[in-house]
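Asks: To start, I am sharing the structure in question, which I have written as structure tokens.
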Amino acid sequence: MAAIGAYLSGILGLVLRILLMQTSFPKWLQTMNEVVTPVTAWDRVEEGFSLQKEFVSPYSGDLLHETPLALRFLKTAYYVPFGVKGFFIMIDFFTMILLYKIAALFKDSLIREQNIEKKKYSLKAEKLVLTPEEVSSLPTLILTVHAVNPFSIMTLLAMSTASLSNLVTLAALYYFLKGNQLMCTLFLAVSTYQTFYPVIFIVPAALQFYLLKEKEVNPQYESSKSYWSKEAITSYLQTVGLFLFFVTFLLGISYLYFEGSLDFIYSTYGFILTVPDLTPNVGVFWYFFTEMFDHFRTFFVCVFQLNAVIYTVPLTVKFAKTPFFLLYILLFLTSIFKSYPSYADAALYTSLLPLWRHTFSYFRNSLFVGGMYICCMVLAPILYHLWIFAGSANANFYFAITLTYSTAQIFLVTDLLFAYLRRDYDLYNGTEHKNVDGTKAAIVLE
Amino acid sequence: MGILTDETQRNRLISLLVKYCNKLCALLYVVGLIGFLAQAYQPLNAGTYFSENALLPGLVETELPNTLLSALTYRSELEEVMKKEPSSSPNKWVYEKFKNIGLETYAQNFSVIYPFRSFNKKVVSGENVYAILRARRAASTEALVLSVPLRPLNDKDNTGTGGGIALALGLAQEFKRKPYWSKDIIFLFTEFDHLGAMAWLDSYHQTESKFIVGNDLEARSGPIIAALNLELPLNNVKYFNVKVEGLNGQLPNLDLVNLVVRLCRRERAQVRLHNCLEDKSYIYSENGDSFDDYKKALTTMLKMMWHQASGTPTGNHGWFQKFHIESVTLEGVVKKRSYTIDINTTARIIEGVFRSLNNLLERFHQSFFFYLLPSTSRYVSIGMYMPFFGLMALCGLLKGITLWVSANESSKEVKSESNEEKSEKVASAEGQGDEQSSTEEKTKEKKEEENKETAECIPEVSKDVNVTKKENVTEDVVEESLAGKGLISIVPVMLVAIMLGWMASQGPELLTHIMPNFRIQTEDMLLFSLLAIFMSALAYPKLMKNKGSSNILSLDWQLLKSVALILQTLTFASLALFNISLSFFLTAVMVPVTVVVRPSANKCFRWLQMFALLLISPLSLMYIVGLISSWPKSSALELFLSAYDSCKLLIYLGVTDTHLFNAWTETVMTACIFPVWLLFWALPWIDVPSP
């Protein structure tokens, strides 16, 4: 039954995308700064191809910011049936498959972990305990959400190359859940090689593989082993070592591919890290740095980039036991704070959001956050038009919307964190909370 | 984060909201409406002023001769030429004259392909003439435009523009001698008014249009900073109208409007907005606070808003605004046998405008782009009118949120019951010896407690929820799935609404492609096809109802209404950003009905609601607009007939403007307002058992 549902929603998603590709919609989306960034624009990739054809380095000038291997890989797009469109549809198809598999793995791991932990749960928390039937529809749900997710549809129609990086990240997530250390680190390395920010995902990955190893040795997993024991450090080093090996390997191949030139480093990672292109997008960087005096620039670039990754530390301390949740939150946070965010990043985390369906009942602001998201999606193009084309509004209007969008994302992620923690708390302490005097107590996050 | 995480505070707020929702909504709407309209009252708005210091209006001394003889001779020559050929516009003559003056003069041919296979006028071709006066002190990096539409003498619909042509020629001759120009001045004469202007602008900016095809321009200048469009008849100008409303409700920078108004005043020429006479007292802000003054100001403001709401420019200036060029039209209104403004005065005004524009160092950016004008010298800024509009829009949003909350609570109620049963089952299935009995006891206790609590907490949830609760006992499974689905249950209705909206916006074009050539006029065909789509759309709740069992529309109407209200608010809010007037009128008309409408067991009430909803449907709104625009008629029948005609014309113009000029009004009405309205239309059709 579930399988039929999954097929149906998959086909629905593909048909929807193919139909929309025939309209004039993609052309408009390709010009939308919310969907396409300088790093992910397909136009720029094509420019890179033609530069290569003329035996000019595609990284000369400030045009192309794809990595060399991605550029090489994207060339295959022309040999796929139906050309570039067919290529992107194919990528979306693989994305769907991976999402389905991730959800299937995730629901099993959810039940498995619950069974281990069950004894410690409060008696008053039966309502929260998940049954296999409850989670059985998760893969179909994820697929359906992806099929109608406006973010992923827009990303695909705009032919943003971010859909490729999203696919790689999903592959990393898949092997992460599967417990395949080699493949996971490989895909993490590819993902890092592509967009740099996934480098922080190595933290949850290291934790995950350590925990998995621990579980193998000690299935009951009662004793809370130290995260700083000798075995732990060895395991971390192993994961990080593999990861570094793969990254070096990829960079080495790129180096060789460009016949001993390291130009691409500045055009890709330099571009991501130093943020020279201040074209408006949905992130927090552009407005701030257009206002910035040049001599403060370096300092604030460092601060902003640090802001994108610094949350790894506190979150790791808090969620060391649940590396996958940690990974998801980090994924979410980097897509808010990265230097060139777009709807493609939102597409990834919104498609995966239903994985945490069991915590949704603790969400407080779903209407508010949902409203904010919808408002931003509608108002952003309007305000951009008023600013750039009509000339009657100005940059502040558009910036207000991008700020709202970032705020909405932050609200959503805090909501998710809060809901997850609340559910966790309730699992161990029961769903009813009483004060000392027996009156009903409310739990407040402070 | 207090409000976001603290539950008690929030619950208090929500219960307050639920309790006083209706009163609050009514209050918000009334306060918003009155506040908005009160902005025309003089003490509440502000006098216009110049933000851009570089303009220095009226500071330069005029260098024109006391009587501009050349303009007078051009005028009499033109009069003769036009009398000779009353049915064609004088492009050739204008071209020759400009050549003689010694300016770079060019002609541009263009043709217009009408959409929808209009038979009689399938392709229209015309010719624009333009002349460029190169600035002596700059390298053609910026330009100003003086544009005059070319109209044949026997054009019945529009007044002549001969005065403007003669004046442009006279001024060109004078301007050419002056050394101080630092911006090129382009004299542009367009045939077929807006079509020519659009063709020329498209070619100038090298943008392409599917329907208006213009030849490449032989010469051009730099980016155009500002444009002044003249619609002056040959003689007997009594007063000027300054026209500002542009495409899609865009307005020129207020500084430009001020400039024109100020210079007209300086020359003691009367200037008005939409023919509304202004008292001196109001102009010079002396006691303009009497009720009569308020009435006048309000009429002016509403007239201005009425034109802005249409989204179609009131003159050629509107097309310039599409290209980020600030522009206004100065229209001369003829009244015989009275004091008239002579051509010299007008020449001085235009000279003043251009010399001020010549001073500009940057594009217009200082003053307001979003404003309403209750008179030529007073303005209401966006900061003043937006809050009151916001209150009106908030009314719908508030009701939507309240309904969302109560819909959620009612579904939670159902859910929690089913959940508990499930948890009992789980507990018993696990069967963990001793604990089992105790847990069961506990859950029972808890269940009772919770039932009490929910019963106490939500007395506000309307009666039909209680009814569903009773039904719950018999149809447990069905109810559970419905409540669990929640949002999913309203998805079909929304999809149908969106599809119908898409059909309404694309339908006319598709139908004309498919249909064989009936011998009917395009206007009729458009109206009929829209009418057909509208009628079939009206039947959709009925159709969806008959599909399954007795009552498939038993979806959560509160949820549907709340989603519809939220969407409506979003639509109006985003519309308000580029066309406040359209958004204001729609909000004022639609919100009272859409907030009130709900399923009812009372047949009478239900029919009343349907009638009210029909009244505010996009198509009837169009008819009402037609009715208002052809208001003073001798008999009622005549009024209705002419309203029908103007409604038809309105729709035709709306649809063609969408294709020719990328106007949005029609798209907004069909693809945004119409689907939202359809969501509300489903509401009275939903069955609720009588109490």
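One-based numbering along the chain as shown.
Any Cβ shown, glycine's included, is placed from N, Cα and C.
A TrEMBL annotation is a machine prediction, not a hand-curated record.
Below, the features straight out of TrEMBL:
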type	residues	note
TRANSMEM	A:7-25	transmembrane segment
TRANSMEM	A:78-100	transmembrane segment
TRANSMEM	A:156-176	transmembrane segment
TRANSMEM	A:233-258	transmembrane segment
TRANSMEM	A:264-289	transmembrane segment
TRANSMEM	A:296-313	transmembrane segment
TRANSMEM	A:325-346	transmembrane segment
TRANSMEM	A:367-390	transmembrane segment
TRANSMEM	A:396-421	transmembrane segment
Asks: Which bits of the chain, at least 6 residues beyond where the transmembrane segment (A:233-258) starts or stops, bring a Cβ under 8 A of a Cβ in it?
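Replies: Beyond its ends, the transmembrane segment (A:233-258) has Cβ neighbours at 57, 67-69, 72, 181-182, 185-186, 188-190, 192-193, 202, 205-206, 209-210, 213, 264.
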Asks: To the transmembrane segment (A:325-346), which of A:7-25, A:156-176, A:264-289, A:296-313, A:367-390 is linked by the most Cβ pairs under 8 Å?
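Replies: Ranked by Cβ pairs under 8 Å, first place goes to A:264-289.
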Asks: Which stretch from A:7-25, A:156-176, A:296-313 shares the most C-beta pairs under 8 Å with the transmembrane segment (A:264-289)?
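Replies: That would be A:296-313.
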Asks: Are there residues at least 6 beyond the ends of the transmembrane segment (A:296-313) whose Cβ is under 8 Å from a Cβ of it, and what are they?
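Replies: Contacts with the transmembrane segment (A:296-313): 197, 199-200, 203, 273-275, 284-285, 288-289, 329-330, 333-334, 337-339.
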